[in-house]
Amino acid sequence: MTTAPIDNIRNFSIVAHIDHGKSTLADRLIQITGGMSDREMAGKEQVLDSMDIERERGITIKAQTVRLKYRAHDGKDYIFNLMDTPGHVDFAYEVSRSLAACEGSLLVVDASQGVEAQTLANVYHALDAGHEIVPVLNKVDLPAAEPEKIKQQIEDVIGLDASDAVMISAKTGLGVPDVLEAIVTRLPPPKGDRDATLKALLVDSWYDVYLGVVVLVRVVDGVLKKGQRIRMMGTGAAYDVERVGYFTPKMVNVEELGPGEVGFITAAIKEVADTRVGDTITDDKKPVTDMLPGFKPAIPVVFCGLFPVDADDFETLRAAMGKLRLNDASFSFEMETSAALGFGFRCGFLGLLHLEIIQERLSREFDLDLIATAPSVIYKMKLTDGTEMEIHNPVDMPDVVKIAEIEEPWIEATILTPDEYLGSVLKLCQDRRGNQKELTYVGARAMVKYDLPLNEVVFDFYDRLKSVSKGYASFDYHLTDYKPADLVKMQILVNAEPVDALSMLVHRTRAEGRGRAMVEKMKELIPPHMFQIPIQAAIGGKVIARETVRALRKDVTAKCYGGDITRKRKLLEKQKEGKKKMRQFGKVDIPQEAFIAALKVDS
């Protein structure tokens, strides 16, 4: 098949909040245009969500792409390249790179729920990328749907004219053909010059067991052919193209891709790390001089230690992480050791959902039992000798005497919540040291903007927000800057030994509450030993909270009948000596669940 005329190509992505039905709409578009037969679609929902976890949680994690053929009402044949994007804030970089490869977006909004915080964030990404946007109202067949009200809401909140929004129900297929026509008439074709030197954008890459690294590309100028020698401008590496093709979602091989087309190439690339997302691909013999504007690389924001419960699983864990890293360049890890937990890894994630998903994939796909330490963020330390350092593990914090100032990262959070939960949401943000920036109303819902320290958000903010708003509030954030903070390092001591896995940086005002809650939890879960065990929370040398696990005690005087009190006293003294000795040399076993519970404590 020859490459299509550029005016008949439409590249678009679907932008929506979680659960507003974008993967289902993608299924319908594939079905109507014949990308997969009805037999292949049967029993399969969310064709583009290939990971089990994606289907189960109903979220899209990796951006996927599919090419569809469509004969429009004007009798011409069009080629659509649909880029499915994730909706969740942690995967914003997946969204930004899908959008960079398109000219237009379908904005899908649930007609019963309206605009959510992450819809907003993704729409702004699309507007920044210079997209034409077609609003689509989904689930209009539901009894709770209020299309007119939602249209008005789209205009008020986003500022888009939604009067001619397409009304659909992706589940039943109602109105979906109108979406295809809107794509043809309302979205622009790509621009590009077929005769110019090859210039293509590297949109994504992943590892395939048979083909090696598969690279998803969007050709901007020139032609990408099989057998051509290409160069990655960012890394300077050159490769020979082995195969060229596109997805329908099945892989189809072709001879070449022309300007405006989206497809994949494979070359003998060994690791995904060799391909930088957002890089420019060009011809090795006559390279272009200017690179395409890429997108910001994904920077890890949240860090935590992952340790195998069984020390023998360490190598399995290392191999498993290497495999996940093949497909997820934003996940980083390095080895670390902990006195309490043994060998493990310090990992960097884009956010809490990312952390949860990696953890779940490790335990599910590789059958590993893991302990995660408390999540932390990157702090900047200014030292008294004038140097600066960044730390993301509280254990590495230098001596307090050497620190002149600690700075922590802040975020701007946008929260949309129904009016009746506004009070609880505001209280939650205040408790987390937030500063309110603005509060506006969109119909019956409030939109609040808050500045919050990221440290307070990574722990369990999202869960708390969902629980105080009965699941109705939605939340999106972006990093703003670093600000000085009064942070202290809190350690948990068990039998006077610090447990490094539980040490954390907390704000001075919250240290006592946090410390007390943690020691109380630990007291419940550490089983009694033959000697009493003090559990303390301390800042520096000062203990701020303490609980004691009582000792198990044998009745040594049981076999003395009557007789002299000094005999009993001698036995009791002897027992006391033994206990004292035990306490000096005894080792306390801290069970697994005590760690996990202590880390989940909410102060």
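Using the three backbone atoms N, Cα and C, a Cβ is placed for every residue, glycine included.
Features reported for this protein in Swiss-Prot:
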{"type": "BINDING", "residues": "Asp19, His20, Gly21, Lys22, Ser23, Thr24, Asn138, Lys139, Val140, Asp141", "note": "GTP binding site"}
{"type": "DOMAIN", "residues": "7-191", "note": "domain 'tr-type G'"}
Across all the protein chains here, work out how many other Cβ atoms are within 10 Å of the Cβ of Ser23 (GTP binding site). 25
When DSSP is mapped onto helix/strand/coil, what comes out for Gly21 (GTP binding site)? coil
Can you check what DSSP calls Asn138 (GTP binding site), collapsed to helix, strand or coil? strand
Over the domain 'tr-type G' (7-191), what is the model's average pLDDT? 74
All chains considered, the count of other Cβ atoms within 10 Å of the Cβ of Val140 (GTP binding site) is 21
What's the number of neighbouring CB atoms sitting within 10 A of the CB on Asn138 (GTP binding site)? 29
